Every structure is written in C-alpha cells, then in structure tokens.
Amino acid sequence: MPKKPGSRWSRMTPLLAFSCFCLVVGDLLFGYDVGNFGGILGNPGFIRQFGSKNANGVYKLSSLHTSLLASLAFIGKFLGCLAAAPLIERFGHRVVFVQLSVVSIIGVIIEITSAGTGPETGRLAQLIVGRIVVYAAIGLVEICVSTYQSEIVHPGIRGFVVTTLQMFLNCGGLLASGLNRAFRFDTTSTGWRTVTGVQLIFPVLIVACVPFIPDSPRWLLSRDRNDDAITSLRRLRPAQEVQSGQCEEELASIKAGLTSNVHKNSWMSTLRGTNLRRTMLVVMFYTYGQITGQAFVSTYAVIFYQANGYAAHAFTYPIITSVFSILSCIPCMHFVDTAGRRVVLMTSYFLQALFLFLVAGMGSLPNKNGAEKNAVVAWVMLFGISYSLGGAGVPYLLGAELPNHSVREKTSTIGTSINVVWAFVVNFSMPYLLAAISVKVGWVFGSISVSALVLTFLFLPETKGMTLEEIDDVFARPFNPFRSSRVREDDESEIEQIETDL
C-alpha cells in the first residue's frame, strides 16, 4: 500500500473535492422533493385544485389521495434503484448522472402541467406519474452518488464524504420548507407550481458538472481499461503521490484486493459466501432508515402540526427542524471516521427512541397547557435531529462500503430497493396511523429504534479507516462485537483466498 500522510485531509485535492461534492446536487434534489411535497400537501392552492369540498364547503384532500400522492412515487424510486446497478456497470457513473438528470427534468415538467388554473382542475393521475418519474431519478441518485464517492476517496475521509448526503438532503429540505412557507397563503396554482418547478435547477447543475469529473478508477478496472484507471487516479491524488509513483502502488493494491473479482458478478453472487452477510447488513440498515419514523418529521410534519393544534406554525416548525438537522449532520460526518460507524449509529438510535417515547408520552396527555405543547414540538424536532445524527446518512455509507467490489452496485441496489418498499409502506400507512393513534405512533417507531440499537451492536463490524479491500478481510472471519474488527497482520495468511467463494 502507498504510504499515507499523517493528516487524513492531506490527500484531498481540488479535483477530488470537486468530484465528491459537486454531485451532492443530486442529494439536494432528493431532499428538496421530499421536503417540498410535504408542504405542498398543506398548500391552499394545491388543495383547491386537487381536493374537493366537504360538507362545510371547505376544500380538503382525502386520506386516500394523500396516501397515493405520497406513496406511489416510490414505485419510481424502486425502478430507479433496480436500474442503477446495470446502468452504472455498463456506462459508468458519469453517464448515469446525465441520464438521471434528463429523467428528472421530464418528471418535473409532467408535475407542473398536471392542473389547470381553477379549483378542482388537478389531474391526480398525471401528478402521480410525474412524481413517479422524478423519483426514478432519485433512485438513481441514491446509488450513483454514494458508490462513486466511496470509490474515489481514501479510507480516512470516506465516512465524512459519503455521509454528507444527509446534510445536503436536509439542505434541500430546508430550501423547500422556506419556499413552502413563502407561498403558504397562496390560493392559486402559482405557489405549488413554483415550489415544484425549482427542482429543474438541480439536474441542470448536475449535467454542467459531469464533464469535469473523472470516472471511478475501480469502474475502469472492471472494464479492463487499466491505462484510463491510472490516469483517473493520478488526477484525483496529490502531485507528490503522482511523482513518487504511489498512484501505481495504490492501483496495484486495489487490483490485488479485487483478485478474481475485478469484473462484476451476477445478482446471485450477492447471496453467496461472505456476500450474504454483507447483503443482509445493508438491507437491515436501509430498512431501519425508513421504519424508525423519519416520515413523521419529513413528509407529514406539516400535516401533523396542523392536526394537533399547531396550525399557526405548521410551516415554520419544519424550517427550524431542517436547520438543526443540517447542523446535526456535522458531528455525524466527523465522528463516523473517528468514533466509528457503530458508535454513531447506536447513539442515533438511542436518541431517536428516547424522543419518540417522549412524544408519545407527553403528546397523549389530555388538555395540554402551552408548555406541554411546546415540549411535544421540541421532542419532535429533537427526534428529527437525532435521526440526522447517524440513522439517516450512515446506511448509505454502509451500502457503499460493505459490499465486495464485484457486487457493490447490485448489493446497494438491493438495499435501496428494500428501503423503497418500506418507504412506500410507511408513507402510505402514515396518514391512517396519524388519524387513528396520532402521537402514539411514537411508541411504535420508538420500539423499532430500540431493536435497531440492539442489532447494530450485535452484528455490525467496525470499518472506519479501512480500504474497501480491507473490509473484504473483515468479512472473511466471524464477527465478535466484543473485539476489534481490524484484521491483524498475522491473520492475513488465513484469508488469502477470501474471494474464491464469492
């Protein structure tokens, strides 16, 4: 392996930083769409066009239509996730970034043209189709950005870089919350169409960035383009490493680690040998990313506040939550590479459970006074912050770094596809849960967070500071939660054939 300088940031170059962070515009797209639609569902103009008058002459969206609008979009995300692996393996990340941008633009156009100008002129089916198309692009974004980042950065900052996904996702949500608040009294189509149309900015920015970033060296190796791989790596590494020949050493180390699996393997390979354990872990954490209650404070935050006596501030509280969620991503990005993945995740799950239980307990009190109502709002916000501390972003990191190179995109695709299935279930059922048990959903999601804490301790090995090839070595032996995951030098001879059964 090449000699590594003392500081984990000393190997960061301008092009590497640009390549890592220019594409988080895709994460902004994801966060913006999740955040903007939650507010749009409470927008008076949107409700007038897509709702119907009740007995009191007030326009309302039915629970069924709300569920369909929020949940059916995940069909598109599911399809996008399934398409990601074969597209990336064949065309590479750069081409897929352009493809997903085109898909996103088409979807937004379908959305903003889904209604006329008067009341009840909304075409629900067209809007749903538009959201499905936009979410197909989001499914591609989830896998493409995180796998690309994990393959071009060095181990010391991989956790920091990949977990920026959640910070920029929250930034997108903050922008959406601000725009929704600006149009919160608009009774025409201008408000919701403007908020929706802003999404066109993000894919245009992605296309503008793509010509300036290199292909992943690991992807180039998988296509037998060795000369292009070393050229790409030299562009990403500091000048002193290029001049000293360390890039050649790093590429040789990568090739040695990949051994017989330099080329991509079949879908069934994700369930064979040590890959089965990795796939199960990726699926588990992507699942917990949805079923610990994040939709409670993202998609349905405005509706929750409106239904529980906080209507005057229903569009303001999500902005506050978004700001603090962005700030809470910063310690996650730092500690995931210092304290480690396990500590960050377990801390996040513990705090999520704590605040959800507090929401359920205090929120269920009859005739709450002002202080008690404010406390419930605070617990909801603190739950959202706790989610951003680790439970939100770390699963994407694990999905990108735990799988073996030969099935990385496929394993990540499986994980994100399962994530989408659960997102559909949660988003479809949430309006009915909130209508039936209101704040008591905290008992449900809090208990799930406790199970996530326990399973993280029992089954997740620590991978901080390891190369992707060293992580292969970790999975060559049984995991013991009471000992270090790092493979000692005298153990290496026992795992020389790690890839032969993959």
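For all residues, glycine too, the Cβ spot is worked out from N, Cα and C.
Annotated in TrEMBL:
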DOMAIN    19-464  domain 'Major facilitator superfamily (MFS) profile'
TRANSMEM  68-88  transmembrane segment
TRANSMEM  95-116  transmembrane segment
TRANSMEM  128-148  transmembrane segment
TRANSMEM  160-179  transmembrane segment
TRANSMEM  191-213  transmembrane segment
TRANSMEM  281-303  transmembrane segment
TRANSMEM  315-336  transmembrane segment
TRANSMEM  343-364  transmembrane segment
TRANSMEM  376-398  transmembrane segment
TRANSMEM  419-437  transmembrane segment
TRANSMEM  443-460  transmembrane segment
>> Using Cβ atoms and a strict cutoff of less than 8 Å, what residues sit near the transmembrane segment (191-213) while being 6 or more residues removed from its termini?
In response: 15, 18-19, 22-23, 25-26, 28-29, 32-33, 36, 39-40, 43, 45-46, 49, 94, 97-98, 100-102, 104-105, 108, 111-112, 134, 137, 175-176, 179-180, 182-184
> By a Cβ-Cβ criterion of under 8 Å, what residues six or more beyond either terminus of the transmembrane segment (68-88) are in contact with it?
Replying inline: 37, 41, 50, 95-96, 99-100, 103, 107, 124, 127-128, 131-144, 147, 219, 299-300, 409-410, 412-413, 416-417, 419-421, 423-425, 427-428, 430-431
>> Quick test of the contact rule: Cβ under 8 Å, at least six residues beyond the ends. What residues does that give for the transmembrane segment (343-364)?
In response: 285, 288, 292-293, 308, 332, 335-336, 372, 375-376, 379-380, 382-383, 386-387, 389-392, 394, 438-443, 445-447, 449-450, 452-453, 456-457, 460
> Hey, which bits of the same chain come close to the transmembrane segment (376-398), Cβ under 8 Å, at least six residues off its ends?
Replying inline: 142, 146, 150, 158-159, 162-167, 169-170, 281-282, 285-286, 288-289, 292-294, 296-298, 301, 304-305, 308, 310, 317, 320-321, 324-326, 328-329, 331-333, 336, 341, 344-345, 347-349, 351-352, 354-356, 358-359, 362-363, 368, 415, 419, 439, 449, 452, 460
> Are the transmembrane segment (443-460) and the transmembrane segment (160-179) near each other by the rule of at least 3 C-beta pairs under 8 angstroms (pairs 6 or more apart)?
Replying inline: no
>> Please identify the stretch among 95-116, 315-336, 443-460 with the greatest number of Cβ pairs below 8 Å relative to the transmembrane segment (281-303).
In response: 443-460
